Amino acid sequence: MHPLPSVALLSAIGAVAAQVGPWGQCGGRSYTGETSCVSGWSCVLFNEWYSQCQPATTTSTSSVSATAAPSSTSSSKESVPSATTSKKPVPTGSSSFVKADGLKFNIDGETKYFAGTNAYWLPFLTNDADVDSVMDNLQKAGLKILRTWGFNDVNSKPSSGTVYFQLHDPSTGTTTINTGADGLQRLDYVVSAAEKRGIKLLIPLVNNWDDYGGMNAYVKAYGGSKTEWYTNSKIQSVYQAYIKAVVSRYRDSPAIMAWELSNEARCQGCSTDVIYNWTAKTSAYIKSLDPNHMVATGDEGMGVTVDSDGSYPYSTYEGSDFAKNLAAPDIDFGVFHLYTEDWGIKDNSWGNGWVTSHAKVCKAAGKPCLFEEYGLKDDHCSASLTWQKTSVSSGMAADLFWQYGQTLSTGPSPNDHFTIYYGTSDWQCGVADHLSTL
């Protein structure tokens, strides 16, 4: 990691307002700022989405680093692909942004019920042909929406060839955003592939869980606890620096359906004000960077009072109040998840009431509702089919089953027992039959 610019250098940069300072963004498809770097620095192309001011004599660079402090100062290092290898084909798919239209979504000029899926692992593939194959199959099936991870946080640099998006270093108290070939360029390819096929992406920006680092990766580098993550000023400044890097990168892409603040945010034992205040602040920040795309919470939908049976998911035990969070001014639609087995619910038909409860809250708020994750381990059809029918009849805007699977060049995609593999008998009863009714 290069050292941060000196005070003298920063002062010199401030005197040249029309030029970009060291390691600053100087180009890219979504970029509208200055393109000229300060003396001694050159604007270097990473890919069609991102160019950065690098030392004029540098032949290789690395990832963009953000300090924990709210300062905009940053450092970087990472291998820069040549313009010929990093340039992606010009997308030819749909060109309109997804919008809310009453209690439904308008996608490519159509306001109706949509179906989709989750494939969290897609940006972590290193073979472009595998990404293309997944997108081709989704397009053939008629699955219009894909939710995939926009985060991958580590506390130490992984082995060569392993994809990661951010390195939170506990030894230095710094965070490095990886914009290289094993970093955000993998997400670049997913976005580009989705654009060409008219697939719309939902992208959460941090994980509540420790998979792929999550909030605890920040805590390990900056201290505090997971429940303090939402209010820790150092952590939030680093989180917002990452938001800015990703959201600005794809601000003009029609492939993005919406940004999600997190995947399944929880703050066990906290006042619901903690998550609400963070939701309101962060969603407003995203909208200030990107007015083109919608914003959602990405949460499980816990803390519902409408038709509550008093069970764990309806409670605010995890610090979340669904209606309260949905009411945040810059949240465009509601999302919720359904996992009866994981929540200790014995009767799968309970899920139908869970769906209709959320539909009622969304209707009262005047915002669409997305049945964002649902599934059963191994038994992929019995209850899921009923949940899907309830989703359609209750006025939901769309549903996304968890999760999509297929054979890749390296073998089967991840199987967490919820996975429904493309072309199998479970695919027919759990996915194709549902799509045929829409």
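The count begins at 1 with the first shown residue.
The backbone N, Cα and C atoms fix where each Cβ goes, and this holds for glycine too.
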Same substrate site per Swiss-Prot - residue from TRP229, TRP402 joining TRP149, ASN263, TYR339: TRP402
Sparsest Cβ surroundings (other CB atoms within 10 Å) among the binding-site residues TRP149, TYR339, TRP402: TYR339
Among TRP149, ASN263, TYR339, TRP402, the record's substrate binders - longest CA distance, Å: 19
